[in-house]
Ligand SMILES: O=P(O)(O)OC[C@H]1O[C@H](O)[C@H](O)[C@@H](O)[C@@H]1O
């Protein structure tokens, strides 16, 4: 079926509600809009299904949610799982609880026992719940940090990790087989409860999850000594509020200031355009409050509380400094390895698990603590979780800490997705530890730069919408593949790693050889003087992404080098 035929099918179906049909009638003369909404099904990307809410097969709505769910149910049946079970959560987005219920009822109608949260919960708690309740799968309705127009559907497997290849492809094949609404089952909510298929969960899972976080605390006495640490926190209208304030108060942090306007659950995110800790606007209200109360640490979590962001007080210059995900990730990585090794709690064959675009500083920190830095992994926390699964199967390493540049860490094995609550808690512990030594986390960052070098990184993006945009992004990457360069600005190119071709090329000789690289359409340029860049298409947004990194001789030098590299890389693609 082409886009127009699918559009007609939706309009003619007695299973599509009148409001949706009216939305479709309103675009009847807009060919481009019909094409965009119906040319394809939403695809599983880096973070599962994600799209703008609205009518169409390429949109998030109850029909695409049900079709995806039916595909998953068919997959569970196909691989012969007896007595299947699922945990389902949702965040504060508009329609999130509705999509969660639709998912639950479709699964129940397929004989799957469902545990559905009674109200919004963080992504890491869903990941934990899948493991805790021994479910076969989990679903979380969230579009993470995307703007309010979006919603999404993250799918978890029985270890609590988001699904990866080839399983995601097998599931999507089942989803794509569902072309007709009549293939989708659903049932009445009361009937599902009476049959014991739909079970509501809440407090008992919260308690078990928070209990796991308590076990991660390394220095409770440091927290007691610095319990007056002034923490400013914003949940950005989402799920972090309850678990974050609970765990901080249980640990003895007494001076926590929550940004009130952003403590209100709201799917319209009235105080921010995009509830993303990677963007400066997410901190505007927190910074205001911090200046008022003398905050030492500013922490924000995204709506589904898998990511967090941070600003720290710089007492020497009396200002707040922004920390990138690489920066606080490096601080925590160092803190955890140092504390564990000093107290003899570092396991044998310890590993820090991360991705190809992490700051090189983390690799240096790992060397110091004789720890394996497992970084030849694709972007997306699910790929870190895959390594955790592999370790459990082979026993080759023991996971200590996982982190991504995109503001996400996981400080233990209790969950298999990034956890802003556990990460935030450990950052507060580290801040307390350094406060007791007369230092701020900014002071610690400066020390790390002095010890390891002035690493600095950033990500640049360019947006290209729709079908044409997606093709343009592919062709930009292919053009670089076909026309490799030998110099990027002042840097000469040392090596080129092509993750699609699985090759490593020596730029000086032009010789290519096969390399063990996970497969993906991305290219990594290793440049002289510790600089690098990587280009890839986003898996969650219509964007091409450029990851850049440099190593300077001072903070100023690193900033200058990075700006220059950014200009030169951009010029290559314009
Ligand atoms: O870069 P994208 O494919 O858009 O993904 C955006 C982000 O999605 C998730 O949060 C992943 O865990 C991150 O690693 C990734 O950076």
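Glycine too: its Cβ is placed from the backbone N, Cα and C atoms.
The model shown is predicted, which means the values in this text are computed figures rather than measured ones.
TrEMBL lists 43-179, 208-311, 325-452 with the feature domain 'Alpha-D-phosphohexomutase alpha/beta/alpha'. Residues annotated as domain 'Alpha-D-phosphohexomutase C-terminal' in TrEMBL: 522-564.
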Fill in the blank from the handout: Confidence over the domain 'Alpha-D-phosphohexomutase C-terminal' (522-564), expressed as mean pLDDT on the 0 to 100 scale, is 96
Problem - Secondary structure tally of the domain 'Alpha-D-phosphohexomutase alpha/beta/alpha' (325-452) (DSSP, helix then strand then coil) - result: 69 helix, 17 strand, 42 coil
Fill in the blank from the handout: DSSP tally for the domain 'Alpha-D-phosphohexomutase alpha/beta/alpha' (43-179), helix/strand/coil in that order, comes to 51 helix, 32 strand, 54 coil
Exercise for the section: Count up the helix, strand and coil residues in the domain 'Alpha-D-phosphohexomutase C-terminal' (522-564) according to DSSP, in that order. Expected result: 13 helix, 21 strand, 9 coil
